[in-house]
Amino acid sequence: MIYIDNIVAQEVMDSRGNPTVKATVTLSDGNSASAIVPSGASTGKREALELRDGDSRYLGKGVLQACENVNTKLSEELIGLSPFDQSEIDAIIQELDGTENFANIGANAALGVSMAVARSAAKSLNIPLYRYLGGANALTLPVPMLNIINGGSHADNTVDFQEYMIMPLGFENFSESLRASAEVYHHLKKILKDSKHITSIGDEGGFAPNLKTNEEPIQIIIQAIEKAGYRPGEEIALALDVASSEFVNEQGLYHLEGEGRTLSSEELVGYYESLIAKYPIVSIEDGLSEDDWKGWKYLTERLGGKVQLVGDDLFVTNAKILQEGISQGIANAILIKPNQIGTVSQTMQTVRLAQRNHYRCVMSHRSGESEDSFIADFAVALNTGEIKTGSTARSERIAKYNRLLAIESELCRSEYLGRSLF
């Protein structure tokens, strides 16, 4: 019987220069695999706990304690077990922690080990990770949601909305959709440069210009799509991640600092309606605060039949919270971030719940990333159909796209949903 022979973690760096956990699992057959855990900038209140040291190192952001938890507590419990029973491994990790949000060992410790176990098992069987996790039905290449203009907490500018994205829908396969997206990105850079805007980039590779309103990025992106020779709304559509929990005040009002105005939930929904009427927007993420469930109900009633309404901070990849949303008719899609919940198995449980209830799933990176491409395989394994992993810049974002290109070339038969998504 093949068993887990060793587990070790070390502190490495993420794309923002902050420490994170790298876990390595070695099996008795000599196979070994590692995983690096991502970290978010705008985080939901109910996310699993990311354990930080809080001392003088790295401005308190060190993860030596999380690594120590891997090297002692998790290692002692998991060595000798089969790597091929992912659900059992993950259940043991949860039981060892003893809390619902990994407050003891840290979700960064838990997820690092969980991902590394899955990788080592796939490597031992000599099959790709997407095939190991998804089986024979893992055939769908995701439509990318490329963040090409950054605002909010992802950039140092005057734009309130966090992400302005393009979705290449009118293409037959993933590689063609990525090519078109890269062309739009380059045209966008030229437009910004010609207009004397700065072309510095944010955490996820998108540009971060100082623009006057939250509508102006949409207008500039449409120009870039047209300059690249594509039809807005037909071949390339738009998507927004508003991240509104970042600018809601204690009174439950939404303060758009860049525009100098404050809106109620209903007024903000009305603003979205006006944008959807004017521009080819097909998806809005975190349109209202994670605590504004009444507002979300109103948002879903008004716009749920027109666009994809994605819950990120709202659901935090948590099956229990998602079930509440399903029961109340809130949103129609969920963002999937494994580090919000803590293990591979819990992530899969949430995706399956969403899919059973006809909620779309969007696999997602975090703003603090690394060269680890686990989510690319995970998106294909779970047939999520959509993925968010930044722009066509910054190597930690490109790593995921390059992995998806490799997967597409490996598959004799694959599917790219494109326009059929909407």
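All positions are counted from 1 along the displayed chain.
Note that Cβ sites are derived from N, Cα and C of the backbone, with glycine treated the same way.
Per Swiss-Prot, (2R)-2-phosphoglycerate is bound by Gln162, Lys337, Arg366, Ser367; the candidate from Lys189, Lys388 named for the same site is Lys388. Among the candidates Asp292, Asp312, Asp313, the residue that Swiss-Prot annotates alongside Asp241, Glu285 as binding Mg(2+) is Asp312. For the pair Lys388 ((2R)-2-phosphoglycerate binding site) and Glu204 (active site, proton donor), the Cα-Cα distance reads 10 Å.
The Cβ of Arg366 ((2R)-2-phosphoglycerate binding site) has Pro38, Ser39, Gly40, Ala41, Lys337, Asn339 as same-chain neighbours under 8 Å, each 6 or more residues away in sequence. Around the Cβ of Gln162 ((2R)-2-phosphoglycerate binding site), 29 further Cβ atoms fall within 10 Å across all displayed protein chains. Put simply, of the recorded positions Gln162, Glu204, Ser367, the one whose Cα is nearest the Cα of Glu285 (Mg(2+) binding site) is Gln162.
Each of the binding-site residues Lys337, Lys388 was scored by the number of other CB atoms within 10 A of its CB, and the lowest score belongs to Lys337.
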